[in-house]
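Chemist: Got a structure here, written out as structure tokens. Questions coming.
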């Protein structure tokens, strides 16, 4: 019961912060919309797409990048919430959380879940704007995508949590953002299918297939068409387990690197 | 009964020793001032006492509970006011208290009642609906103390709680925490400001990671002022020293 009370309080706090920080919501929404309306329009002519699952016919580039842009929202939010953890820790409120009389893994999971639910709301808003613009997906996809977004969001949030546990200062974090977000996003199937990448460089394609973000995007892509991509789900789950374990280790007072004197 | 007990506690940052075999205890109802210049190891000690750091060298017990073996039960009996502010500035005073209460498993009407009581005790009841951002430094600190008491702990740890406050706020907060000790709480008050310590308070003096003196303030200082005693015992130490 105590655990659920704490979880509910952490979710409530995140919801209040979300409502209170409308500019953050708008910024998170504008980013993928710019990609959708500007970048995709430019690339539509340059990039030919063949019919590959889950698509059963030729699709426009805008439709192709919708799952990748949902992934982008999750990726940026995962990193942003971990940025707030670094900030929180510098400011002290993370101390408050970590000194609560509950298992640390539960407190961190609650924080992770709260951030992911906010990301899902942002993805919903993004998909709604896209639908108004005429980019519509099968109705069942809008439901099936929710667990895919949850799993992917938790995985990317756990990655951010892991990074935040090893990073002491905001300045360092800014550098890591560049070395994590951009490589993860561009070395994935978010913007171009992997067979296209293979034509350019098989090695780059291999890197893309190792990137857990690629699998998150593919999980979302299939889910948006009401289909399960089990291999992608497995990859994302394994990545979630690895990142979570590393984050827990990082936040363990006996073993973590937090103990380094700042 | 001992509210807080520390025995043979040591801690190092790599090769640098931050705490060396520190032992002391704070009985129920005692105001214990942990005096030490900057860099003496006070913050490291607080991080160990609150479980943010851990060490195998030494033992901490809170209200008779071994921290290493039962950290959650020990944390549940402890209230903490950190040196750095730990408030959510964009939430109201009341919402901050309810959030903290929930982290301790207290929710609903009981949480509301305790929040109201805590705010009334600190003279903050009328500010319950204000955003924390709008409060001045003294009120924010008072609120953090109110919050630290909401789960009715046996001991209260405060890490330099008056840093950055004006003289009136410092005085009010010091008086209030002394009153809490008189009500039966064990208080550990870390500071480098000797004017916050009363003659009847117990003092432990930390210097370069080691406990170098312990006793009542009156007994330690003798005919000299506590400030002069503090400076004499920690001479050669760089930092702000006593005020």
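The backbone N, Cα and C atoms fix where each Cβ goes, glycine too.
Automated prediction, rather than curation, is the source of TrEMBL annotations.
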Chemist: Which residue range, A:212-231, A:232-251, is the one TrEMBL calls transmembrane segment?
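Modeler: It is A:232-251 that TrEMBL describes as transmembrane segment.
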Chemist: Are the transmembrane segment (A:173-195) and the transmembrane segment (A:63-85) close enough to be called in contact, which here means at least 3 C-beta pairs under 8 A that are separated by 6 or more residues?
Modeler: yes
Chemist: Restricting to the same chain and to residues at least six past its boundaries, which positions have a Cβ under 8 Å from a Cβ of the transmembrane segment (A:232-251)?
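Modeler: Residues 98, 104-105, 108-109, 148, 151-152, 154-155, 158-159, 161-162, 164-166, 212, 215-216, 218-219, 222, 257-258.
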